[in-house]
Amino acid sequence: MKSKVAVGSGKWVNSAAEPLLLQNGGGAGDLPLAEAKESLLMVYLSTAIAVSGSFEFGSCYAFFGSILTVGAMIGAITSGRIADFFGRKGAMRISAAFCIIGWLSVLLAKNALMLYFGRFASGYGIGVLSYVVPVFIAEIAPKNLRGGLTTLNQLLICVGGSAAFILGAFVTWRKLVLLGLVPCLVLIFGLCWVPESPRWLAKVGRHIEFNISLQKLHGKEADISQEAAEILEYIETLEKLPKARVLDLFQRRYIRSVIVGVGLMVFQQIGGINGIGFYASETFVAAGFSSGKLGTILCGFIQLPITVLGAFLMDRSGRRALLIVSASGTCFGTFMAGASFFLKGQGILLQWVPMLALIGILVYISAFSIGMGAVPWVIMSEIFPINIKATGGSLVTLVNWFGSWLVSYSFNFLMDWSRAGTFFIYAAANAATVLFVAMIVPETKGKTLEEINESMNSRK
């Protein structure tokens with residue numbers, strides 16, 4: 001039976017007659033340049049508010065360790081369900097509330113138990129944020145800007161972490177708590193001025209609010225009829241399927257999305273980022289520097305501009321190209337660092353060992369920042385159909401946090417075993433990443449979420 005839906009300014013569109021996958025994506029793409037820019041203001045504002053959560057993520061991660069990761073893994077498990085039940089905005093508000101409780105517990109702590117509770121609460125909050133922020137941005141952004149805007153998630157994580165490290169050198173840790181509270185408050189109050197994800201509103205049947213949200217995101221003069229029909233028809237198709245369970249992820253129609261999402265997070269972590277990042281200072285000292293300050297400062301300085309460059313290239317060169325270049329660079333960087341420790345162990349070219357290790361790690365951090373840091377999160381937010389996005393996204397986020405804990409926990413043990421061997425293992429993992437991306441990962445640049453889901457799920 002053909003159904004009709006209200007879209008735009010009261011128009012009725014025969015949704016069954018509209019093609020499921022459209023070439024233009026509707027909305028702002030059909031407007032003159034000046035009106036198109038005006039229509040994107042709400043998208044930019046919504047993204048700016050959402051990435052306050054990313055800044056919070058970075059500042060927490062730099063400030064805390066260990067038990068925060070445990071809280072984040074639990075947050076990852078529940079993130080999808082929370083985002084589906086309370087909405088994307090509701091999930092971000094809940095996350096910010098947990099982070100505020102965590103920071104205040106740390107600020108007012110009188111004993112170790114309150115400190116542990118505060119770390120755990122903040123960890124839970126950023127575990128949910130790590131899923132919902134990129135998903136929200138991907139669901140509101142036009143296809144030609146989605147990659148770059150979603151990459152802002154990773155950029156603000158870097159900014160938050162860098163701000164925590166820099167300010168931590170000048171203020172007490174209790175004063176540093178204020179750094180974590182500010183983005184939480186920006187997120188909670190800023191969300192009052194931005195619309196909810198129209199795709200989530202359509203999924204839960206709130207069609208009037210769906211139209212209002214989509215119109216706000218594209219501008220009052222934009223014709224949203226085609227895009228609204230596309231989204232609603234796709235949701236209608238998905239609603240005919242049984243409610244998704246964890247085991248449903250391994251059905252043939254979804255398994256490729258799972259392999260891509262989980263695989264990218266596994267390779268992101270086993271390439272060594274959290275071990276190398278957390279223990280960079282100690283690694284530079286082990287290579288022969290008297291202090292690790294110079295190396296860590298250089299790592300911080302190069303990370304931000306290269307992440308910005310990655311965001312600029314995301315919707316131009318494509319996801320796959322960035323991943324392959326990035327993974328190739330991380331492979332080369334870890335191989336150089338491994339070679340420096342091998343030379344030191346053999347007593348060869350000792351005067352060059354510190355510089356070779358420094359260059360290797362700087363190459364690694366630069367290469368990671370341009371692609372492997374952000375692109376897996378972008379692709380995670382794109383590849384799962386909305387009916388299993390909660391389950392699939394939670395699984396992928398949990399794998400990421402578990403990998404983060406495992407790599408950071410094992411790094412010192414590996415370095416005690418063999419410093420050169422540790423970096424050669426990471427180099428091999430990064431080389432395997434190149435093969436995985438080349439053989440398995442699809443290109444999602446320039447496609448609507450519905451187009452991506454259709455192409456992913458139609459492959460047998």
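Backbone N, Cα and C atoms are what each Cβ position is placed from, and that goes for glycine too.
These come from TrEMBL:
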- 1-445: domain 'Major facilitator superfamily (MFS) profile' (DOMAIN)
- 61-78: transmembrane segment (TRANSMEM)
- 90-109: transmembrane segment (TRANSMEM)
- 121-140: transmembrane segment (TRANSMEM)
- 152-170: transmembrane segment (TRANSMEM)
- 176-194: transmembrane segment (TRANSMEM)
- 258-280: transmembrane segment (TRANSMEM)
- 292-314: transmembrane segment (TRANSMEM)
- 321-343: transmembrane segment (TRANSMEM)
- 355-379: transmembrane segment (TRANSMEM)
- 391-411: transmembrane segment (TRANSMEM)
- 423-441: transmembrane segment (TRANSMEM)
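Among the stretches 90-109, 176-194, 292-314, 321-343, 391-411, the one making the largest number of Cβ pairs under 8 Å with the transmembrane segment (355-379) is 321-343. Contacts between the transmembrane segment (176-194) and the transmembrane segment (423-441): absent, as fewer than 3 C-beta pairs lie under 8 angstroms at sequence separation of six or more. If you count C-beta pairs under 8 angstroms between the transmembrane segment (391-411) and each of 90-109, 121-140, 258-280, 321-343, 423-441, the highest count goes to 258-280. Per-residue pLDDT, averaged across the domain 'Major facilitator superfamily (MFS) profile' (1-445), gives 83.
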